[in-house]
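What follows is a short report on a single structure.
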(Lines of atoms letter the chains of each structure in order from A and count residues from 1; the text may use other names and numbers.)
(Lines give C-alpha, C1' and ligand atoms only; values in the text may rest on other atoms or scores of the structure.)
Protein backbone atom coordinates (compact mmCIF):
# COMPACT_ATOMS: atom_id res chain seq x y z
CA UNK A 1 0.00 0.00 0.00
CA UNK A 2 1.28 3.48 -0.76
CA UNK A 3 1.54 5.96 2.06
CA UNK A 4 -1.08 8.15 0.48
CA UNK A 5 -3.62 5.37 0.37
CA UNK A 6 -2.75 4.30 3.87
CA UNK A 7 -3.25 7.84 5.08
CA UNK A 8 -6.64 8.29 3.50
CA UNK A 9 -7.70 5.22 5.45
CA UNK A 10 -5.77 6.02 8.61
CA UNK A 11 -6.26 9.72 9.09
CA UNK A 12 -9.51 10.83 10.67
CA UNK A 13 -11.10 14.24 10.45
CA UNK A 14 -9.88 15.63 13.77
CA UNK A 15 -6.32 14.82 12.70
CA UNK A 16 -6.20 16.51 9.31
CA UNK A 17 -8.82 19.22 9.41
CA UNK A 18 -8.53 22.60 10.97
CA UNK A 19 -11.04 23.95 13.44
CA UNK A 20 -11.44 27.17 15.43
CA UNK A 21 -8.22 28.15 17.27
CA UNK A 22 -6.45 25.21 15.68
CA UNK A 23 -3.08 26.99 15.91
CA UNK A 24 -3.16 26.01 19.59
CA UNK A 25 -6.12 23.71 20.18
CA UNK A 26 -5.64 20.44 18.34
CA UNK A 27 -8.93 18.78 19.20
CA UNK A 28 -11.98 18.88 21.45
CA UNK A 29 -13.65 15.89 22.96
CA UNK A 30 -16.95 15.32 24.76
CA UNK A 31 -17.65 12.06 26.55
CA UNK A 32 -20.88 10.98 28.24
CA UNK A 33 -20.98 7.94 30.54
CA UNK A 34 -24.29 6.06 30.61
CA UNK A 35 -25.49 2.77 32.09
CA UNK A 36 -28.43 0.42 31.84
CA UNK A 37 -30.61 0.36 34.93
CA UNK A 38 -31.32 -3.34 34.50
CA UNK A 39 -27.74 -4.65 34.57
CA UNK A 40 -24.78 -4.76 36.93
CA UNK A 41 -21.91 -2.47 36.04
CA UNK A 42 -19.00 -3.91 34.02
CA UNK A 43 -16.99 -4.17 37.26
CA UNK A 44 -18.95 -7.23 38.35
CA UNK A 45 -21.29 -8.23 35.53
CA UNK A 46 -21.46 -11.75 34.16
CA UNK A 47 -20.68 -12.74 30.57
CA UNK A 48 -24.38 -13.19 30.03
CA UNK A 49 -25.21 -9.71 31.26
CA UNK A 50 -22.44 -8.23 29.13
CA UNK A 51 -23.81 -9.93 26.03
CA UNK A 52 -27.30 -8.75 26.95
CA UNK A 53 -26.19 -5.12 27.30
CA UNK A 54 -24.38 -5.39 23.99
CA UNK A 55 -27.55 -6.70 22.31
CA UNK A 56 -29.75 -4.02 23.90
CA UNK A 57 -27.41 -1.33 22.61
CA UNK A 58 -27.56 -2.90 19.15
CA UNK A 59 -31.36 -2.86 19.22
CA UNK A 60 -31.49 0.77 20.34
CA UNK A 61 -28.99 1.84 17.73
CA UNK A 62 -30.99 0.17 14.99
CA UNK A 63 -34.22 1.73 16.20
CA UNK A 64 -32.57 5.11 16.52
CA UNK A 65 -31.47 4.83 12.91
CA UNK A 66 -27.92 6.01 13.59
CA UNK A 67 -25.63 5.02 10.76
CA UNK A 68 -22.70 3.91 12.86
CA UNK A 69 -20.57 0.88 12.17
CA UNK A 70 -20.20 -1.78 14.86
CA UNK A 71 -16.74 -3.19 15.61
CA UNK A 72 -16.71 -6.02 18.13
CA UNK A 73 -13.49 -6.33 20.09
CA UNK A 74 -13.42 -10.12 19.91
CA UNK A 75 -13.41 -9.92 16.10
CA UNK A 76 -10.42 -7.58 15.93
CA UNK A 77 -6.74 -8.43 15.92
CA UNK A 78 -4.41 -6.96 18.54
CA UNK A 79 -2.84 -4.56 16.07
CA UNK A 80 -6.19 -3.27 14.83
CA UNK A 81 -7.24 -2.57 18.39
CA UNK A 82 -3.99 -0.78 19.09
CA UNK A 83 -4.52 1.48 16.12
CA UNK A 84 -8.00 2.38 17.39
CA UNK A 85 -6.46 3.23 20.76
CA UNK A 86 -3.80 5.42 19.15
CA UNK A 87 -6.51 7.24 17.21
CA UNK A 88 -8.27 7.89 20.55
CA UNK A 89 -11.35 6.09 19.27
CA UNK A 90 -11.31 3.45 22.00
CA UNK A 91 -9.61 3.27 25.38
CA UNK A 92 -6.84 0.81 26.26
CA UNK A 93 -9.29 -0.77 28.73
CA UNK A 94 -11.82 -1.54 26.04
CA UNK A 95 -9.15 -3.19 23.93
CA UNK A 96 -8.22 -5.45 26.86
CA UNK A 97 -11.63 -6.68 28.05
CA UNK A 98 -12.68 -8.16 24.80
CA UNK A 99 -15.51 -10.59 25.55
CA UNK A 100 -18.63 -8.54 24.83
CA UNK A 101 -17.12 -5.12 24.39
CA UNK A 102 -17.51 -3.20 21.19
CA UNK A 103 -17.36 0.23 19.62
CA UNK A 104 -19.76 1.99 17.27
CA UNK A 105 -17.97 4.34 14.88
CA UNK A 106 -19.16 6.97 12.45
CA UNK A 107 -17.68 7.10 8.94
CA UNK A 108 -15.67 10.22 9.72
CA UNK A 109 -14.67 8.69 13.05
CA UNK A 110 -15.79 11.83 14.87
CA UNK A 111 -18.28 9.76 16.86
CA UNK A 112 -17.44 6.66 18.82
CA UNK A 113 -19.66 4.85 21.27
CA UNK A 114 -17.88 2.32 23.45
CA UNK A 115 -19.92 -0.56 24.84
CA UNK A 116 -18.98 -2.32 28.09
CA UNK A 117 -15.94 -0.31 28.94
CA UNK A 118 -15.94 0.92 32.55
CA UNK A 119 -19.55 1.93 31.95
CA UNK A 120 -22.09 0.22 29.70
CA UNK A 121 -21.96 3.15 27.30
CA UNK A 122 -19.42 5.83 26.62
CA UNK A 123 -20.64 8.26 23.99
CA UNK A 124 -17.76 10.24 22.56
CA UNK A 125 -17.52 13.06 20.03
CA UNK A 126 -14.13 14.23 18.82
CA UNK A 127 -13.72 17.37 16.69
CA UNK A 128 -10.73 19.33 15.38
CA UNK A 129 -9.92 22.67 17.00
CA UNK A 130 -11.94 24.20 19.80
CA UNK A 131 -15.47 22.89 19.28
CA UNK A 132 -16.68 21.79 22.70
CA UNK A 133 -20.18 23.18 22.30
CA UNK A 134 -20.62 21.48 18.95
CA UNK A 135 -19.37 18.26 20.51
CA UNK A 136 -21.79 18.56 23.41
CA UNK A 137 -24.68 19.21 21.05
CA UNK A 138 -23.90 16.13 18.99
CA UNK A 139 -23.32 13.94 22.06
CA UNK A 140 -26.66 15.07 23.50
CA UNK A 141 -28.41 14.19 20.25
CA UNK A 142 -26.95 10.70 20.30
CA UNK A 143 -27.74 10.36 24.00
CA UNK A 144 -31.39 11.30 23.41
CA UNK A 145 -31.69 8.94 20.46
CA UNK A 146 -30.30 6.01 22.45
CA UNK A 147 -32.39 6.79 25.51
CA UNK A 148 -35.60 6.38 23.53
CA UNK A 149 -35.04 2.64 23.53
CA UNK A 150 -32.52 2.04 26.30
CA UNK A 151 -33.38 2.34 30.01
CA UNK A 152 -30.74 4.51 31.65
CA UNK A 153 -29.75 4.20 35.30
CA UNK A 154 -30.71 7.62 36.62
CA UNK A 155 -31.36 9.02 40.06
CA UNK A 156 -33.24 12.18 40.84
CA UNK A 157 -30.59 13.40 43.30
CA UNK A 158 -27.44 11.95 41.81
CA UNK A 159 -28.12 12.15 38.09
CA UNK A 160 -26.73 9.53 35.72
CA UNK A 161 -25.36 6.63 37.76
CA UNK A 162 -21.90 5.48 36.78
CA UNK A 163 -19.53 2.71 37.78
CA UNK A 164 -17.02 5.11 39.28
CA UNK A 165 -18.25 7.78 41.70
CA UNK A 166 -16.01 10.31 39.93
CA UNK A 167 -18.32 10.31 36.87
CA UNK A 168 -21.72 10.35 38.54
CA UNK A 169 -24.10 13.23 37.79
CA UNK A 170 -23.64 14.42 34.25
CA UNK A 171 -21.27 11.60 33.31
CA UNK A 172 -19.59 14.30 31.23
CA UNK A 173 -15.90 14.58 30.57
CA UNK A 174 -15.09 17.53 28.31
CA UNK A 175 -11.50 17.85 27.22
CA UNK A 176 -9.30 19.77 24.83
CA UNK A 177 -5.89 18.82 23.51
CA UNK A 178 -3.59 21.82 23.36
CA UNK A 179 -0.15 22.37 21.86
CA UNK A 180 1.72 24.63 24.29
CA UNK A 181 5.37 24.94 23.28
CA UNK A 182 5.53 28.63 24.22
CA UNK A 183 4.41 28.02 27.79
CA UNK A 184 6.76 25.05 28.08
CA UNK A 185 9.79 26.92 26.76
CA UNK A 186 9.11 29.80 29.13
CA UNK A 187 8.62 27.38 32.05
CA UNK A 188 5.11 28.54 32.77
CA UNK A 189 3.28 25.19 32.76
CA UNK A 190 4.43 24.38 36.28
CA UNK A 191 2.57 27.42 37.44
CA UNK A 192 -0.50 26.95 35.25
CA UNK A 193 -1.22 23.29 36.01
CA UNK A 194 -1.87 23.80 39.75
CA UNK A 195 -3.84 26.99 39.03
CA UNK A 196 -6.17 25.08 36.71
CA UNK A 197 -6.89 22.68 39.55
CA UNK A 198 -8.57 25.46 41.49
CA UNK A 199 -11.36 25.52 38.90
CA UNK A 200 -12.20 21.84 39.12
CA UNK A 201 -10.17 21.19 35.98
CA UNK A 202 -7.09 19.08 35.41
CA UNK A 203 -4.21 19.38 32.93
CA UNK A 204 -2.01 16.47 32.02
CA UNK A 205 0.56 15.67 29.40
CA UNK A 206 -0.62 13.11 26.91
CA UNK A 207 1.63 10.91 24.83
CA UNK A 208 4.59 9.86 26.87
CA UNK A 209 4.67 8.06 30.15
CA UNK A 210 4.21 9.42 33.64
CA UNK A 211 4.48 13.12 33.99
CA UNK A 212 6.33 14.18 30.85
CA UNK A 213 4.34 15.86 28.12
CA UNK A 214 5.64 14.48 24.87
CA UNK A 215 5.44 16.98 22.02
CA UNK A 216 4.27 19.73 24.40
CA UNK A 217 0.74 18.42 24.08
CA UNK A 218 -1.55 18.76 27.08
CA UNK A 219 -5.06 17.65 27.74
CA UNK A 220 -7.24 19.94 29.84
CA UNK A 221 -10.47 18.47 31.17
CA UNK A 222 -13.12 18.85 33.87
CA UNK A 223 -12.56 16.87 37.03
CA UNK A 224 -15.98 17.16 38.65
CA UNK A 225 -19.19 15.88 37.10
CA UNK A 226 -21.72 16.47 39.86
CA UNK A 227 -23.40 19.73 40.85
CA UNK A 228 -22.93 21.68 37.63
CA UNK A 229 -24.94 21.50 34.42
CA UNK A 230 -23.30 20.21 31.25
CA UNK A 231 -23.40 23.69 29.76
CA UNK A 232 -21.70 25.22 32.80
CA UNK A 233 -18.98 22.56 32.79
CA UNK A 234 -18.23 23.32 29.14
CA UNK A 235 -18.45 27.09 29.73
CA UNK A 236 -15.99 26.92 32.63
CA UNK A 237 -13.57 24.80 30.63
CA UNK A 238 -13.82 27.17 27.65
CA UNK A 239 -13.09 30.17 29.82
CA UNK A 240 -9.88 28.60 31.11
CA UNK A 241 -8.89 27.35 27.64
CA UNK A 242 -9.27 30.85 26.22
CA UNK A 243 -7.00 32.18 28.93
CA UNK A 244 -4.40 29.53 28.20
CA UNK A 245 -4.62 30.35 24.48
CA UNK A 246 -3.97 34.02 25.28
CA UNK A 247 -1.02 33.16 27.50
CA UNK A 248 0.45 30.76 24.93
CA UNK A 249 0.18 33.45 22.26
CA UNK A 250 1.85 35.97 24.55
CA UNK A 251 4.63 33.51 25.33
CA UNK A 252 5.22 32.86 21.62
CA UNK A 253 5.36 36.58 20.87
CA UNK A 254 7.80 37.14 23.72
CA UNK A 255 9.99 34.30 22.45
CA UNK A 256 10.03 35.69 18.91
CA UNK A 257 10.94 39.12 20.20
CA UNK A 258 13.62 38.15 22.69
CA UNK A 259 15.19 35.21 20.91
CA UNK A 260 13.82 35.09 17.39
CA UNK A 261 16.96 33.78 15.73
CA UNK A 262 17.49 31.05 18.30
CA UNK A 263 13.87 30.00 17.92
CA UNK A 264 14.08 29.93 14.14
CA UNK A 265 17.30 27.94 14.39
CA UNK A 266 15.69 25.41 16.70
CA UNK A 267 12.66 25.06 14.45
CA UNK A 268 14.67 24.60 11.28
CA UNK A 269 17.10 22.17 12.90
CA UNK A 270 14.16 20.05 13.93
CA UNK A 271 12.73 20.33 10.44
CA UNK A 272 16.07 19.13 9.10
CA UNK A 273 16.01 16.14 11.43
CA UNK A 274 12.53 15.15 10.31
CA UNK A 275 13.36 15.62 6.63
CA UNK A 276 16.65 13.79 6.56
CA UNK A 277 17.11 11.43 9.50
CA UNK A 278 17.16 7.69 8.90
CA UNK A 279 16.56 6.54 12.48
CA UNK A 280 14.32 8.41 14.90
CA UNK A 281 12.93 7.49 18.31
CA UNK A 282 9.44 8.51 19.32
CA UNK A 283 10.64 11.03 21.91
CA UNK A 284 12.85 12.86 19.42
CA UNK A 285 10.15 12.68 16.75
CA UNK A 286 7.63 14.23 19.15
CA UNK A 287 10.02 17.04 20.06
CA UNK A 288 10.85 17.81 16.43
CA UNK A 289 7.21 17.66 15.34
CA UNK A 290 6.31 20.14 18.06
CA UNK A 291 9.09 22.48 16.93
CA UNK A 292 8.07 22.23 13.28
CA UNK A 293 4.46 22.83 14.10
CA UNK A 294 5.45 25.94 16.07
CA UNK A 295 7.59 27.01 13.11
CA UNK A 296 4.59 26.71 10.81
CA UNK A 297 2.45 28.74 13.22
CA UNK A 298 5.13 31.45 13.38
CA UNK A 299 5.74 31.51 9.64
CA UNK A 300 9.32 30.14 9.71
CA UNK A 301 8.18 27.16 7.65
CA UNK A 302 5.75 27.74 4.84
CA UNK A 303 5.32 24.66 2.69
CA UNK A 304 4.09 22.22 5.30
CA UNK A 305 0.46 21.97 6.38
CA UNK A 306 -0.27 22.74 9.99
CA UNK A 307 -2.04 19.47 10.66
CA UNK A 308 1.28 17.64 10.33
CA UNK A 309 1.67 17.51 14.11
CA UNK A 310 -1.72 15.91 14.81
CA UNK A 311 -1.24 13.50 11.99
CA UNK A 312 2.33 12.41 12.53
CA UNK A 313 2.07 12.28 16.33
CA UNK A 314 -0.42 9.49 15.79
CA UNK A 315 1.02 7.88 12.69
CA UNK A 316 4.42 7.47 14.35
CA UNK A 317 2.98 5.56 17.34
CA UNK A 318 4.04 1.90 17.43
CA UNK A 319 0.62 0.48 16.48
CA UNK A 320 0.31 2.58 13.36
CA UNK A 321 3.87 1.97 12.25
CA UNK A 322 3.31 -1.74 12.52
CA UNK A 323 0.03 -1.60 10.70
CA UNK A 324 1.65 0.34 7.89
CA UNK A 325 4.50 -2.15 7.81
CA UNK A 326 1.98 -4.97 7.84
CA UNK A 327 3.33 -6.84 10.85
CA UNK A 328 5.23 -6.82 14.12
CA UNK A 329 8.31 -4.58 14.31
CA UNK A 330 11.10 -4.59 16.87
CA UNK A 331 11.89 -1.20 18.47
CA UNK A 332 14.89 -0.56 16.20
CA UNK A 333 12.86 -1.41 13.12
CA UNK A 334 10.20 0.98 14.32
CA UNK A 335 12.74 3.80 14.56
CA UNK A 336 13.77 3.13 10.95
CA UNK A 337 10.18 2.97 9.80
CA UNK A 338 9.25 6.08 11.76
CA UNK A 339 12.00 8.09 10.08
CA UNK A 340 11.04 6.90 6.63
CA UNK A 341 7.33 7.47 7.19
CA UNK A 342 7.97 11.05 8.30
CA UNK A 343 10.24 11.67 5.29
CA UNK A 344 7.68 10.23 2.91
CA UNK A 345 4.89 12.24 4.46
CA UNK A 346 6.83 15.49 4.11
CA UNK A 347 7.74 14.68 0.49
CA UNK A 348 4.11 13.97 -0.20
CA UNK A 349 3.34 17.57 0.68
CA UNK A 350 6.02 18.77 -1.73
CA UNK A 351 4.38 17.03 -4.64
CA UNK A 352 0.88 17.88 -3.54
CA UNK A 353 1.62 21.53 -2.98
CA UNK A 354 3.06 21.71 -6.48
CA UNK A 355 -0.06 20.01 -7.78
CA UNK A 356 -2.13 22.52 -5.87
CA UNK A 357 -4.18 20.03 -3.87
CA UNK A 358 -4.17 19.40 -0.18
CA UNK A 359 -4.64 16.06 1.51
CA UNK B 1 5.55 14.37 61.77
CA UNK B 2 3.22 17.31 62.38
CA UNK B 3 0.36 18.22 60.06
CA UNK B 4 1.50 20.96 57.68
CA UNK B 5 -1.84 22.71 57.82
CA UNK B 6 -2.67 23.07 61.50
CA UNK B 7 0.88 22.51 62.76
CA UNK B 8 -0.62 20.79 65.82
CA UNK B 9 -1.96 17.32 65.27
CA UNK B 10 0.19 14.47 63.97
CA UNK B 11 0.01 13.95 60.21
CA UNK B 12 -1.96 10.85 59.24
CA UNK B 13 -2.24 11.30 55.47
CA UNK B 14 1.01 11.41 53.55
CA UNK B 15 0.67 12.19 49.92
CA UNK B 16 3.23 12.78 47.19
CA UNK B 17 2.11 14.29 43.94
CA UNK B 18 4.26 14.50 40.87
CA UNK B 19 3.22 16.98 38.23
CA UNK B 20 5.46 17.16 35.20
CA UNK B 21 8.35 15.83 37.18
CA UNK B 22 7.85 18.31 39.98
CA UNK B 23 7.41 16.49 43.26
CA UNK B 24 5.34 17.90 46.10
CA UNK B 25 4.83 16.18 49.42
CA UNK B 26 1.73 16.78 51.47
CA UNK B 27 1.34 15.73 55.10
CA UNK B 28 -2.02 16.26 56.74
CA UNK B 29 -3.78 15.17 59.92
CA UNK B 30 -7.19 13.53 59.62
CA UNK B 31 -9.07 16.69 60.46
CA UNK B 32 -7.28 18.88 57.93
CA UNK B 33 -7.43 16.13 55.33
CA UNK B 34 -11.18 16.11 55.81
CA UNK B 35 -11.41 19.89 55.47
CA UNK B 36 -8.81 20.67 52.91
CA UNK B 37 -8.04 17.33 51.32
CA UNK B 38 -9.78 18.28 48.10
CA UNK B 39 -7.49 21.15 47.40
CA UNK B 40 -4.47 18.90 47.69
CA UNK B 41 -5.79 15.76 46.17
CA UNK B 42 -8.77 16.05 43.90
CA UNK B 43 -7.24 18.12 41.14
CA UNK B 44 -4.46 15.70 40.43
CA UNK B 45 -6.14 12.53 41.47
CA UNK B 46 -6.92 10.97 38.14
CA UNK B 47 -3.52 11.66 36.68
CA UNK B 48 -2.04 8.44 38.02
CA UNK B 49 -2.94 5.18 39.64
CA UNK B 50 -6.37 6.43 40.28
CA UNK B 51 -8.10 3.46 41.85
CA UNK B 52 -5.71 2.98 44.73
CA UNK B 53 -5.72 6.64 45.45
CA UNK B 54 -9.46 6.87 45.24
CA UNK B 55 -9.94 3.92 47.54
CA UNK B 56 -7.64 5.56 50.05
CA UNK B 57 -9.44 8.81 49.67
CA UNK B 58 -12.84 7.25 50.21
CA UNK B 59 -11.65 5.26 53.15
CA UNK B 60 -10.70 8.12 55.40
CA UNK B 61 -14.14 9.59 55.22
CA UNK B 62 -16.16 7.23 57.43
CA UNK B 63 -13.48 6.96 60.08
CA UNK B 64 -13.14 10.67 60.54
CA UNK B 65 -16.81 11.38 60.08
CA UNK B 66 -18.16 8.93 62.60
CA UNK B 67 -15.78 7.81 65.28
CA UNK B 68 -18.77 6.18 66.99
CA UNK B 69 -17.89 2.51 67.12
CA UNK B 70 -21.34 0.98 66.86
CA UNK B 71 -22.20 2.95 63.73
CA UNK B 72 -18.91 1.98 62.25
CA UNK B 73 -19.59 -1.71 62.65
CA UNK B 74 -23.03 -1.24 61.08
CA UNK B 75 -21.32 0.09 58.07
CA UNK B 76 -19.27 -3.06 57.72
CA UNK B 77 -22.44 -4.99 57.06
CA UNK B 78 -24.14 -2.68 54.58
CA UNK B 79 -24.58 -4.70 51.44
CA UNK B 80 -26.14 -3.82 48.09
CA UNK B 81 -29.48 -5.58 47.84
CA UNK B 82 -28.99 -6.30 44.14
CA UNK B 83 -25.37 -7.22 43.50
CA UNK B 84 -24.38 -7.92 47.14
CA UNK B 85 -21.33 -5.68 47.02
CA UNK B 86 -20.55 -4.55 50.57
CA UNK B 87 -19.76 -0.97 51.47
CA UNK B 88 -16.18 -1.82 52.53
CA UNK B 89 -15.70 -3.61 49.20
CA UNK B 90 -16.89 -0.50 47.40
CA UNK B 91 -14.39 1.58 49.38
CA UNK B 92 -11.65 -0.83 48.50
CA UNK B 93 -12.18 -0.95 44.72
CA UNK B 94 -13.57 2.58 44.40
CA UNK B 95 -16.27 1.39 42.02
CA UNK B 96 -19.91 0.44 42.36
CA UNK B 97 -21.28 -2.95 41.34
CA UNK B 98 -24.66 -1.92 39.96
CA UNK B 99 -27.08 1.01 39.87
CA UNK B 100 -28.76 -0.23 43.09
CA UNK B 101 -25.53 0.26 45.04
CA UNK B 102 -26.26 3.99 44.98
CA UNK B 103 -29.57 3.31 46.69
CA UNK B 104 -28.14 0.82 49.18
CA UNK B 105 -25.25 3.10 50.19
CA UNK B 106 -27.26 6.32 49.90
CA UNK B 107 -26.69 7.39 53.51
CA UNK B 108 -22.93 7.00 53.26
CA UNK B 109 -22.39 8.66 49.91
CA UNK B 110 -22.78 12.42 50.40
CA UNK B 111 -19.41 12.99 52.15
CA UNK B 112 -17.64 10.87 49.51
CA UNK B 113 -19.31 12.62 46.60
CA UNK B 114 -18.65 16.03 48.11
CA UNK B 115 -15.01 15.14 48.43
CA UNK B 116 -14.80 14.10 44.78
CA UNK B 117 -16.92 16.86 43.30
CA UNK B 118 -15.76 20.05 45.03
CA UNK B 119 -18.46 19.98 47.67
CA UNK B 120 -21.37 19.05 45.41
CA UNK B 121 -23.69 16.11 46.01
CA UNK B 122 -26.79 17.02 43.96
CA UNK B 123 -27.14 16.64 40.19
CA UNK B 124 -27.92 19.90 38.37
CA UNK B 125 -27.53 18.78 34.78
CA UNK B 126 -29.43 17.01 32.08
CA UNK B 127 -32.50 14.89 32.76
CA UNK B 128 -33.20 11.92 30.51
CA UNK B 129 -36.45 12.30 28.61
CA UNK B 130 -38.01 8.98 29.65
CA UNK B 131 -36.20 7.95 32.82
CA UNK B 132 -36.38 11.54 33.97
CA UNK B 133 -40.15 11.08 34.04
CA UNK B 134 -41.77 13.28 36.64
CA UNK B 135 -38.43 14.84 37.63
CA UNK B 136 -38.81 17.37 34.83
CA UNK B 137 -42.11 18.46 36.34
CA UNK B 138 -40.72 18.38 39.87
CA UNK B 139 -37.89 20.71 38.87
CA UNK B 140 -40.40 23.04 37.31
CA UNK B 141 -42.51 22.93 40.48
CA UNK B 142 -39.57 23.79 42.71
CA UNK B 143 -38.70 26.70 40.41
CA UNK B 144 -42.28 27.93 40.63
CA UNK B 145 -42.29 27.58 44.41
CA UNK B 146 -39.28 29.88 44.64
CA UNK B 147 -41.07 32.31 42.36
CA UNK B 148 -44.20 32.06 44.49
CA UNK B 149 -42.30 32.93 47.66
CA UNK B 150 -40.78 35.97 45.97
CA UNK B 151 -44.16 37.14 44.76
CA UNK B 152 -45.75 36.75 48.19
CA UNK B 153 -42.89 38.66 49.73
CA UNK B 154 -43.45 41.47 47.27
CA UNK B 155 -47.18 41.28 47.95
CA UNK B 156 -47.98 40.56 44.31
CA UNK B 157 -50.91 38.38 45.34
CA UNK B 158 -52.68 38.27 42.01
CA UNK B 159 -49.63 36.93 40.19
CA UNK B 160 -48.92 34.65 43.13
CA UNK B 161 -52.34 33.08 42.81
CA UNK B 162 -51.63 32.36 39.15
CA UNK B 163 -48.34 30.67 39.98
CA UNK B 164 -50.01 28.67 42.78
CA UNK B 165 -52.62 27.37 40.33
CA UNK B 166 -49.88 26.43 37.89
CA UNK B 167 -48.11 24.46 40.66
CA UNK B 168 -51.33 22.69 41.58
CA UNK B 169 -52.04 21.66 38.03
CA UNK B 170 -48.50 20.33 37.64
CA UNK B 171 -48.80 18.39 40.91
CA UNK B 172 -52.04 16.89 39.66
CA UNK B 173 -50.28 15.76 36.49
CA UNK B 174 -47.69 13.95 38.54
CA UNK B 175 -50.33 12.24 40.66
CA UNK B 176 -52.13 11.07 37.56
CA UNK B 177 -48.96 9.72 36.01
CA UNK B 178 -48.37 7.97 39.32
CA UNK B 179 -46.05 5.05 38.94
CA UNK B 180 -42.33 5.28 39.29
CA UNK B 181 -41.95 7.81 42.09
CA UNK B 182 -42.62 6.62 45.66
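From the backbone N, Cα and C atoms, a Cβ is placed for every residue, glycine too.
Copied over from TrEMBL:
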{"type": "BINDING", "residues": "A:27-31, A:88, A:122, A:173-177, A:204-209", "note": "ATP binding site"}
{"type": "DOMAIN", "residues": "A:24-251", "note": "domain 'Phosphagen kinase C-terminal'"}
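Sequence features, as recorded in TrEMBL, placed on the structure.
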| residue | record | Cβ within 10 Å |
| --- | --- | --- |
| A:27 | ATP binding site | 25 |
| A:30 | ATP binding site | 26 |
| A:122 | ATP binding site | 24 |
| A:175 | ATP binding site | 24 |
| A:204 | ATP binding site | 18 |
Listed in sequence order, the binding-site residues from A:27, A:30, A:122, A:175, A:204 whose CB sits under 8 Å of a chain B CB are A:204
In three-state DSSP terms, residue A:27 (ATP binding site) is classed as strand
Averaging pLDDT over all residues of the domain 'Phosphagen kinase C-terminal' (A:24-251) gives 87
